[in-house]
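The structure appears right after this line, and notes come after that.
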Amino acid sequence: NLYQFKNMIQCTVPSRSWWDFADYGCYCGKGGSGTPVDDLDRCCQVHDNCYNEAEKISGCWPYFKTYSYECSQGTLTCKGGNNACAAAVCDCDRLAAICFAGAPYTDANYNIDLKARCQ
């Protein structure tokens, strides 16, 4: 769920607030369209697509689905015992948090004009 995703981001990118990723580029945050502005925004586009795939699992609501995972020294592990939906959502969030950690953050791409830059 979104709370767990926030915690995963804080695990892999402890130097930044999770909020910095909530309104970044064209895809980080609610919705998404157009061409990603950079690698970090591409991470969010992939995450959005991953959630779309997870939603194809019967009764799976990624934004609200809880799952079992562990954060140890910046390393994320989705635990066994998750059902198909929980496992899929956990993996979406884990891969995005790892992607965020490896992508440069450009302050100028925070809170951009979506209408002008994301067509």
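Even glycines carry a Cβ here, placed using N, Cα and C.
Just so you know, the Cβ of H47 (active site) picks up 22 other Cβ atoms within 10 Å once every protein chain is counted. Here Swiss-Prot flags H47 (among others) as active site.
DSSP gives D93 (active site) a helix state. Residues or ranges marked as active site in Swiss-Prot (evidence: similarity to another entry): D93 (among others).
Annotation source Swiss-Prot lists Ca(2+) binding site at Y27, G29, G31, D48, citing similarity to another entry. DSSP assigns G29 (Ca(2+) binding site) to coil, not to a helix or a strand. Under 8 Å, Cβ to Cβ, and six or more positions away along its own chain, G29 (Ca(2+) binding site) finds F21, A22, D23, C44.
Residue density at C71 (disulfide bond): 15 other Cβ atoms are found within 10 A of its Cβ, drawing on all protein chains shown. Residues annotated as disulfide bond in Swiss-Prot: C11-C71 (among others).
Annotation source Swiss-Prot lists disulfide bond at C26-C118 (among others). Counting every protein chain shown, the Cβ of C26 (disulfide bond) has 23 other Cβ atoms within 10 Å.
Cβ neighbours of C28 (disulfide bond) (same chain, under 8 Å, six or more residues apart in sequence): F21, A22, L40, D41, C43, C44. Here Swiss-Prot flags C28-C44 (among others) as disulfide bond, drawing on experimental evidence.
For C99 (disulfide bond), the same-chain residues 6+ apart in sequence whose C-beta sits under 8 angstroms from its C-beta are L40, R42, C43, V46, H47. Taken from Swiss-Prot, the feature disulfide bond applies to C43-C99 (among others).
C50 (disulfide bond) carries a helical DSSP state (H, G or I). What Swiss-Prot records for C50-C92 (among others) is disulfide bond, and it gives experimental evidence as the kind of evidence.
Just so you know, the Cβ of C60 (disulfide bond) picks up 18 other Cβ atoms within 10 Å once every protein chain is counted. What Swiss-Prot records for C60-C85 (among others) is disulfide bond.
Residues annotated as disulfide bond in Swiss-Prot, with experimental evidence given as evidence: C78-C90 (among others).
It is 11 Å from the Cα atom of C118 (disulfide bond) to that of G31 (Ca(2+) binding site). C71 (disulfide bond) and G31 (Ca(2+) binding site) have their C-alpha atoms 27 Å apart, to the nearest angstrom.
Fewest other C-beta atoms within 10 angstroms, among the recorded positions D48, D93, are seen around D48. The Cβ neighbour count for C118 (disulfide bond), using a 10 Å radius and every protein chain shown, is 18.
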